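Annotated features in Swiss-Prot:
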type: BINDING; residues: Gly31, Gly32, His33, Asp51, Phe77, Asp95, Gln102; note: S-adenosyl-L-methionine binding site
Amino acid sequence: MTHVPVLYTQAMEGLRVVENGTYLDGTFGRGGHARGVLQQLGPGGRLLVMDKDPEAIAMAERAFSCDPRVVIRHGSFALLAQLAAPQSLDGVLFDLGVSSPQLDVPERGFSFAKDGPLDMRMDPEMGESAAQWLARVSEREIADVLWTYGEEKQSRRIARAIVAYRANQPLLRTVQLAELIASVMLRTKFGACKSRIHPATRSFQGIRIHVNRELVDLEVGLEAALAALRPGGRLVVISFHSLEDRIVKQFISRHSKVPPTNRRLPEVQTFVPLLRMIGRAIKADEDELEVNPRARSAVLRVAEKLDVLGAVR
């Protein structure tokens, strides 16, 4: 059965694929978006696919290595500037966050519901694993990451518990960490609250984002995408939590809206918009949520590159 990504139809409509265009799928995953783009491309079209995850790249090579329209590169979309010349792309797609295969395979170490090694790296060959990071850093740094990237209100208590636990035995397994966090939450007044999410959800999110430099890569990748898009080209981004969506929303706004001016100062027209927001933020409808509950938090935003005069070519 072919994998259908979250907000697939809306993403394809947002990209507005042209037959001979050149496109980037910066987060290949299982290839659902890439297949959608290729179905609309003619023989003269081109598709660059990227992913941090070597397993995703291996899947891309199995599926598309014989297609002359496809170029496959292993790496973060933050490296886009090294691969695409300025104004060379007609569309860029980023489908952010962790992919279903990463969550569903315990050995990848992303899931608090399935026991596996505490890894969380999208590229297992790059940087520290979550276990290595938690074993090395201070209580304060752990708390800061849980608060900043996980928006976890109990970040200090959880960090304190992690440091106390690791003094006696190493934290090496996902369920080991999840149970420790759950025990901390049960000892607080928040433990009695009924929540739809697991008590370790926010902490796992925060650690994962930090280990993979997700928000740093997003900021760099958005700027690179803007530079690489031709006038009239489309930027389509699907985010899955408020931190990602805030960065995307602010990026589009910063490049599309005239900043406020001081009425007491002489008016000098220096701002030239580079993007035009296309419609409002899009969320999954009830029909999609019935098929894919993971789509509940997804938000899709679309923007269009303008020319230097502020008009679409």
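Even glycines carry a Cβ here, placed using N, Cα and C.
Keep in mind the model is a prediction, meaning the values are calculated, not measured.
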Open item on the list: Tell me the coarse DSSP state (helix, strand, coil) of Asp51 (S-adenosyl-L-methionine binding site).
Closed with: strand
- [ ] Could you tally the C-beta atoms, other than its own, that fall within 10 angstroms of the C-beta of His33 (S-adenosyl-L-methionine binding site)?
- [x] 29
Open item on the list: Helix, strand or coil for Gly31 (S-adenosyl-L-methionine binding site)? Use DSSP.
Closed with: coil
Open item on the list: Which one is it: of the binding-site residues Gly31, Gly32, which Cβ has the fewest other Cβ atoms within 10 Å in this structure?
Closed with: Gly32
TODO: Have a look at the binding-site residues (Asp51, Gln102) and report the one with the fewest Cβ neighbours inside 10 Å.
DONE: Gln102
TODO: Give the helix, strand or coil assignment DSSP yields for Gln102 (S-adenosyl-L-methionine binding site).
DONE: helix
Open item on the list: Going by DSSP, is Asp95 (S-adenosyl-L-methionine binding site) sitting in a helix, a strand, or coil?
Closed with: strand
